[in-house]
C-alpha cells in the first residue's frame with residue numbers, strides 16, 4: 001500500500017487560492033502525473049456556498065467574504081481554529097471503489113473515529129448532513145461539515161472540523177441549511193488540543209479506513 005502524503009498549508013490560507021491549488025492538482029491526478037494527496041488547511045474567515053445553497057440562508061455576513069463553490073451542500077463557515085481536510089483521491093484506482101456514497105461513508109467513519117480518540121462520541125443523524133456530537137441529553141450539535149465534489153472519479157473539497165473555531169461566526173448563515181441546529185467544537189466540549197496533535201490522529205485513523 002502506498003502511503004498518501006498529508007500536506008499542511010501554513011498560516012491562514014486564502015480560500016480561493018486553495019481552491020485553485022486543489023483544482024490544479026485534481027487535473028494532475030486525472031492525467032496520472034501526480035499521486036493522491038491530502039491537504040490540511042486552516043482558512044482565513046470565509047463563508048462558502050455549495051451547489052444546493054439558498055440565498056435566504058445567508059443572513060448577515062458583515063465583512064466576511066462569501067464565495068460560491070462547486071462542492072456539494074449549502075452554506076458553511078471556515079476560519080481560524082477549524083481543521084479543513086481536502087482529500088484528493090482517485091476512486092477509479094484499483095484499490096478504491098467508484099462509489100461516491102461509499103466514499104462519503106468512509107469520510108464519516110474516519111472523522112467519527114478521530115473524534116472518538118479524544119473522547120467525543122460522534123454520530124451520523126438521518127437526514128442531517130455532517131458529523132454530530134451529543135451536547136446534552138437528546139440534543140446534538142454539529143462538529144464537522146462534509147461537502148465533496150468528484151471530477152472523473154477524483155475527489156476534492158472535503159471535511160471541516162471545529163477545533164477551537166469562533167462559533168459565533170456561524171450566526172451569519174443557516175449552516176448547511178439546517179435551521180435551529182446547534183454548532184459545537186472540541187473546545188466547547190472541553191477538549192483542548194493543538195492542531196498538530198489533532199493532525200497526527202487523523203492521519204493514523206485515515207490509514208485504518210482508507211487501506
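Just so you know, glycine gets a Cβ as well, placed from its N, Cα and C.
These come from Swiss-Prot:
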type	residues	note
DOMAIN	32-211	domain 'BPL/LPL catalytic'
BINDING	71, 72, 73, 74, 75, 76, 77, 78, 145, 146, 147, 158, 159, 160	substrate binding site
SITE	142	site 'Lowers pKa of active site Cys'
ACT_SITE	176	active site, acyl-thioester intermediate
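Location within the structure of each feature annotated in Swiss-Prot.
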residue	record	Cβ within 10 Å
71	substrate binding site	19
73	substrate binding site	23
75	substrate binding site	26
77	substrate binding site	26
142	site 'Lowers pKa of active site Cys'	23
145	substrate binding site	26
147	substrate binding site	24
159	substrate binding site	23
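Across the structure, residue 77 (substrate binding site) and residue 142 (site 'Lowers pKa of active site Cys') are spaced 12 Å apart at their Cα atoms. Across the domain 'BPL/LPL catalytic' (32-211), the model assigns an average pLDDT of 92.
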